[in-house]
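Annotation comment: Swiss-Prot describes 7, 8, 9, 19, 68, 93 as GTP binding site. Annotation comment: Swiss-Prot describes 93 as Mg(2+) binding site, evidence class sequence analysis.
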C-alpha cells in the first residue's frame, strides 16, 4: 500500500485562473484525480501537496493538505510526499487517471523493489507525475534540493528505476497522462469525458 500524493502547487499561468478548482462537469478539476485515487485498491491514503498561496482552497474541499514551503517545483512535492511513505505521485490537473493503471504501477513497483517505477515513452520521455517513488529516495532528493538541482528526471535516471514501457500499455491507460494546461485543453477533454 502506498500514499496517493496529488501535486497542486502550480500557478496555472497558461490557464488564466486556478485550474484545479475550475469546475468541469459540475465539480472542481482536482476531484477527478482524487476520485480515481480513491478507486485504486493499492492507495492507502490521499494527500494534496499545495503551495502556501492555494492550500486553503483544497482544505475547503475536505482534502488532506500538506503545505509545500520549499517551493522548488514538483521535486519538492515528491520530497514532501515521501515523508509519509512510498508514494504514487500525480499532477492534480490529470483528470483521466485509470485506477487499474495506478494499481498496476504500484504492483510493478512492489515487485521490482526499486527506488522508483516510472512510465517511459519509446523516445525516452518520462512520466514523472504518474509514477511511484520509494520513501528511500527521499534522502537522495534532499541532496539534489540542497544543490539547487530540481529536475525530477535527473533524480529518476540516477536512481536505477523500474521503467514501464508506455507502448506496452492498453490504449485507454495512456489517456491517464493527459493534463490540462490551457482552457483549450478542456475541448480535448470533451472527447474523453461524456459529461460535457
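Cβ atoms are placed via backbone N, Cα and C, with glycine included.
Features per Swiss-Prot, on structure.
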residue : record           : DSSP (3 states)
7       : GTP binding site : strand
19      : GTP binding site : helix
68      : GTP binding site : coil
93      : GTP binding site : coil
- [ ] Compute all pairwise C-alpha distances among 7, 8, 9, 19, 68, 93, the residues listed as binding GTP, and give the largest one in whole angstrom.
- [x] 18
- [ ] Could you list the residues of the same chain, at least six apart in sequence, whose Cβ is under 8 A from the Cβ of residue 68 (GTP binding site)?
- [x] 9, 49, 50, 51, 52, 76, 77, 80
Open item on the list: Just to confirm: which same-chain residues, 6+ apart in sequence, have a Cβ under 8 Å from the Cβ of residue 7 (GTP binding site)?
Closed with: 49, 74, 77, 78, 89, 90, 91, 92, 129
